[in-house]
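Swiss-Prot lists LEU19, GLY20, ARG21, GLY22, GLY23, PHE24, SER25, ILE26, VAL27, LYS43 with the feature ATP binding site. Taken from Swiss-Prot, the feature Ca(2+) 1 binding site covers ASP405, ASN407, ASP409, THR411, GLU416. What Swiss-Prot records for ASP441, ASP443, SER445, CYS447, GLU452 is Ca(2+) 2 binding site, and it gives sequence analysis as the kind of evidence. Per Swiss-Prot, Ca(2+) 3 binding site is recorded for ASP483, ASP485, ASP487, LYS489, GLU494, and the stated evidence type is sequence analysis. Annotated coiled coil per Swiss-Prot: 343-363, in sequence order, evidence recorded as sequence analysis. Summarising the annotation, Swiss-Prot assigns domain 'EF-hand 1' to 392-427. The feature domain 'EF-hand 2' is assigned by Swiss-Prot to 428-463. Swiss-Prot lists THR263 with the feature phosphothreonine.
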Amino acid sequence: MSKTESRKLSDDYEVVDVLGRGGFSIVRRGVSKSEEKTQVAIKTLRRLGPAMAGMKQGTKPVPGSGLPMWKQVSISDALLTNEILVMRRIVESVAPHPNVINLHDVYEDVHGVHLVLELCSGGELFDRIVGRDRYSEFDAACVIRQIASGLEALHKASIVHRDLKPENCLFSDKDEKSTLKIMDFGLSSVEDFSDPIVALFGSIDYVSPEALSRQEVSAASDMWSVGVILYILLSGCPPFHAATNREKQQRILQGEFSFQDHTWKTISSSAKDLISRLLSVQPYKRPTASDLLRHPWVIGDCAKQDLMDAEVVSKLQKFNARRKLRAAAIASVLSCKVALRTKRLRNLLGTHDLTSEELDNLRLHFGRICADGENATLSEFEQVLRAMKMDSLIPLAPRVFDLFDNNRDGTVDMREILCGFSSLRNSRGDDALRLCFQMYDADRSGCISKEELASMLRALPEECLPGDITEPGKLDEVFDQMDADSDGKVTFDEFKAAMNKDSALQDVLLSSLRPQ
């Protein structure tokens, strides 16, 4: 890896299409300009706070160089810093490893930090599994063996993933024998670094008892997550069921699960014994990743090769679709942020009401003038207003800009401003839903992908979140109220239907967006 500090990302890579977006990051496909024309994934972590230090453009992280330990950082800043720190440790102590995503290079510029990563084009773990008609214990053991191999290397390097779930396990390519890679280290932790902030994130299905009770999280916590993944692979549903999310938390804390469903009757006793050990409430009783790699079932010696009941795949398909609809529930929470910004914007701009044509022109001018394409500086925002001959708003530009510069980095996300202006004109419940949907339908495909939604909550300041939504697992409870059959494609109609299923739920999430 070159140590030339003057290199730019564009010197070495051609950036092609967008693969996914998050609350503060974007992942794009890149092609190296070398003779090999290697395809990579370029994850850009947007600069949200002080300029990053400790990683120079185009250089491999230097052992001992360190990263700034900011005493007071936002959630996004903590995640950004944390992911870079963990990826640096992976480069130093893990890579190359067949089951851990590989970091090729690091660049830094005014737009943020660019991680040039190995491209995994084979899809997510569960997406690959549900694509089959049936599979065997032996196939499941192969999956667990690869996850354990990656975790063994990470744990030896004192890295705890902390967010291990099917979405973070991707296949290298679409080949049937493709290797499985562990990725997404935004919530991971390493020794000598303060714990990342995790209170706002996702499902509790894979969260260990010690993490739920805010006790010390260790490598054993990752092993609990492996146990949950294995249980789902062999049964098609998660191990902890309950009528309410609070009950689910209690069952996790007490380790209450069973093998009573009829689909478990054909599963080998060795597999069930392994799950029971992995889902031990006491962390010290769980096998390590190294233990798993020596386990007869994981090795394949006693894993059945007979195809499992087709009902297992059917259940897994429904669980996978349900998981993706959870992303739609998270998207609806974004409405709270839109409502807050819209109210302030309305007060600021008074009676100025953009027409539909003006809104379309606003979008076009943003795309033409903003060099970044997504984030704009104050100067670019003023250029947009001038181009639209909206001179009366130019004196207000700094105040409007400041309203949306949530991270105080001197740039704003143009999608938020567009959504805010749109909400001045269209603030009814259904329109709010559509705005929420369109805002993160980045490719305008009419379908929100999992990648577009996965980091939705990361974009929300805590003060914009409703009520107790930040409590561990609360989003699962919201989702459970919206539960419906799905084919896994989150179209607007599906999104709207999920919200309209429960009028009380819609009142909670959308009332603030209705006309006052």
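Indices start at 1 and increase along the chain as displayed.
Using the three backbone atoms N, Cα and C, a Cβ is placed for every residue, glycine included.
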Would you mind listing, in sequence order, the residues at least six apart from THR263 (phosphothreonine) in the same chain with a Cβ closer than 8 Å to its Cβ?
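Looking at Cβ-Cβ distances below 8 Å from THR263 (phosphothreonine), excluding near sequence neighbours, one finds SER235, GLY236, MET308, ASP309, GLU311, VAL312, LYS315.
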Rounded to an integer, what is the Cα-Cα distance in Å between LEU19 (ATP binding site) and THR411 (Ca(2+) 1 binding site)?
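THR411 (Ca(2+) 1 binding site) has its Cα 23 Å from the Cα of LEU19 (ATP binding site).
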Report, as a single number, how many Cβ atoms besides its own are within 10 Å of the Cβ of VAL27 (ATP binding site).
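I count 18 other Cβ atoms within 10 Å of it.
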Taking the Cβ of THR411 (Ca(2+) 1 binding site) as the centre, how many other Cβ atoms fall within a 10 Å radius?
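That number is 25.
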In whole Å, how far does the CA atom of VAL27 (ATP binding site) lie from that of THR411 (Ca(2+) 1 binding site)?
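So the alpha carbons of VAL27 (ATP binding site) and THR411 (Ca(2+) 1 binding site) sit roughly 19 Å from each other.
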What is the total of other Cβ atoms whose distance to the Cβ of LEU19 (ATP binding site) is within 10 Å?
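Step by step: centre on the Cβ of LEU19 (ATP binding site), count other Cβ atoms within 10 Å, giving 18.
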In the predicted model, what is the mean pLDDT computed over the domain 'EF-hand 1' (392-427)?
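Mean per-residue confidence for the domain 'EF-hand 1' (392-427): 62 out of 100.
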What three-state secondary structure does DSSP assign to the residue listed as 'phosphothreonine'?
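Helix, per DSSP.
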